[in-house]
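Undergrad: Would you mind keeping the following structure in view while I ask a few things?
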Amino acid sequence: MDSAQENNDHKVDTRTEQEKAIDEWLPVTSSRTAKWWYSAFHNVTAMVGAGVLSLPHAMGPGVVILVLSWIITLYTLWQMVEMHEMVPGKRFDRYHELGQHAFGEKLGLYIVVPQQLVVEVGTCIIYMVTGGQSLKKFHDLVCSDCKDIKQTYFIMIFASAHFLLSHLPNFHSISGVSMAAAVMSLSYSTIAWTASLDKGVQPGVQYGYKSHSTAGTVFGFLNALGSVAFAYAGHNVVLEIQATIPSTPEKPSKIPMWRGVIVAYIIVALCYFPVALIGYWMFGNSIDENILITLEKPVWLIAMANMFVVVHVIGGYQIYAMPVFDMLETLLVKKLKFPPSFWLRFITRNLYVAITMFLAITFPFFDGLLGFFGGFAFAPTTYFLPCIIWLAIYKPKKFSLSWWTNWICIVLGVLLMILAPIGGLRQIIIDAK
């Protein structure tokens, strides 16, 4: 065993000094000193998006889907954590590296990178919109007599934080931001459902479908599917988070990582289920796409919750932006042979923040975007790509439990991918009118 391990260790580092230096400079691989609780709050920040606030809007049949999603995504997340080090002495630090191992160098990149980018960039744009919306809401609540300021300006104010924070070099350096964000997500979720409980069941509340036409009902349901899919999107950054945890043959990184994931999933359940169920129970189908908009009073509490959302979304944006920075910087340094430098980082990251800000200002319709992106890109990377990779690598026996579990997840995930964007697109068209 020891000699095999030594061989592995020799095998691992065939990197030149220059490659080592580059890996130590890149955001994902530069620091491997994280503890299991880092995994917990990074995962909470990555998963509990502001999407939690749109969950009551997706209830009704959404309850079953919400619970099913929680189970399926926990299973696929477990697969990702397991596969991080399935080749002895090698770590798949990035989602696309795992894809390349399963599908081959070229194909793995083509399959994983576009989807991962859509998710990460899409999330960053949606978080820009959410941050702007919540800042505006805070301003309108605290100062009801003030002159009305356009949402565009609030998105710019929100973006200004990222022009600074994006220069934190790696995952490890954003752990403080991430921890604050995780605490905030639990806080505003709690405010959302306690304030709903406090309001009580509204007079004349209705639990049926909002739409009176069959088509409207079906499309509404499809859009709700997308919202729920968006609520579980942490898989896109899970390998990158695990890459920050140290690993030895005796103590592989999957043990602390999995402990963190379990804690994160319990927190996620505490955030999602009460908000979704109590919000829907109190307001029925008259609820807004963002529950904090429905809850007007007590003003100070709702204003505070909106500020919490802002802090959380700042952390969330950073978590999703970091793998994108990693891809961009890898491309520039390894493929295009730019020297790793402060200026390279400064220009690429500021450009990225500027582009996401511009897109957020241009497309500020939140729920339709959520449904559209949710189905289109989140479903594959979260619900069924891990299963396909698992089947491709481990090749479980036909009709065994593992085989069935993976295929069921794949079928459900593909259905989600096809159906959810239809509802989202229709919502975008309605909003744009």
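From the backbone N, Cα and C atoms, a Cβ is placed for every residue, glycine too.
So TrEMBL lists the following for this protein:
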- 33-423: domain 'Amino acid transporter transmembrane' (DOMAIN)
- 62-81: transmembrane segment (TRANSMEM)
- 107-130: transmembrane segment (TRANSMEM)
- 151-168: transmembrane segment (TRANSMEM)
- 174-193: transmembrane segment (TRANSMEM)
- 261-283: transmembrane segment (TRANSMEM)
- 299-321: transmembrane segment (TRANSMEM)
- 342-366: transmembrane segment (TRANSMEM)
- 372-394: transmembrane segment (TRANSMEM)
- 406-429: transmembrane segment (TRANSMEM)
Undergrad: Check for me, if you would, whether the transmembrane segment (174-193) reaches the transmembrane segment (299-321) - at least 3 Cβ pairs under 8 Å, residues 6 or more apart in sequence.
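TA: Contact between the transmembrane segment (174-193) and the transmembrane segment (299-321): present.
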Undergrad: Can you work out whether the transmembrane segment (261-283) touches the transmembrane segment (62-81), with the criterion being 3+ CB pairs under 8 Å where the paired residues are 6 or more apart along the chain?
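TA: Yes, these stretches are in contact.
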Undergrad: Mind checking which residues reach the transmembrane segment (299-321)? Cβ under 8 Å, same chain, six or more beyond either end.
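TA: Result: 42, 45-46, 48-50, 53, 119-120, 123-124, 127-128, 130-131, 134-135, 137-138, 141-142, 158, 161-162, 165-166, 168, 174, 177-178, 180-182, 184-185, 187-188, 191-192, 195, 236-237, 292, 349, 352-353.
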Undergrad: Other than its close neighbours in sequence, what residues sit by the transmembrane segment (342-366), given a CB gap under 8 Å and a spacing of at least six beyond its ends?
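TA: Contacts with the transmembrane segment (342-366): 54, 121, 124-126, 128-130, 132-133, 151-152, 155-156, 159, 162-163, 166-167, 169, 289-290, 321, 324-325, 328-329, 332-333, 427-428, 431-432.
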Undergrad: Six or more residues beyond either end and a Cβ under 8 Å away: which residues meet both conditions relative to the transmembrane segment (151-168)?
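TA: Cβ under 8 Å, 6 or more out: 128-129, 131-133, 135-136, 139, 174, 177, 310, 313-314, 317-318, 321, 325, 345-346, 349-350, 352-354, 356-357, 360-361, 364.
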Undergrad: What same-chain residues lie close to the transmembrane segment (372-394): Cβ under 8 Å, and 6 or more beyond its ends?
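TA: 51, 69, 72-73, 76-77, 79-80, 83, 86, 95, 98-99, 101-103, 111-112, 115-116, 118-119, 122-123, 126, 222, 225-230, 232-236, 402-403, 405-407, 409-410, 412-414, 416-425, 427-428.
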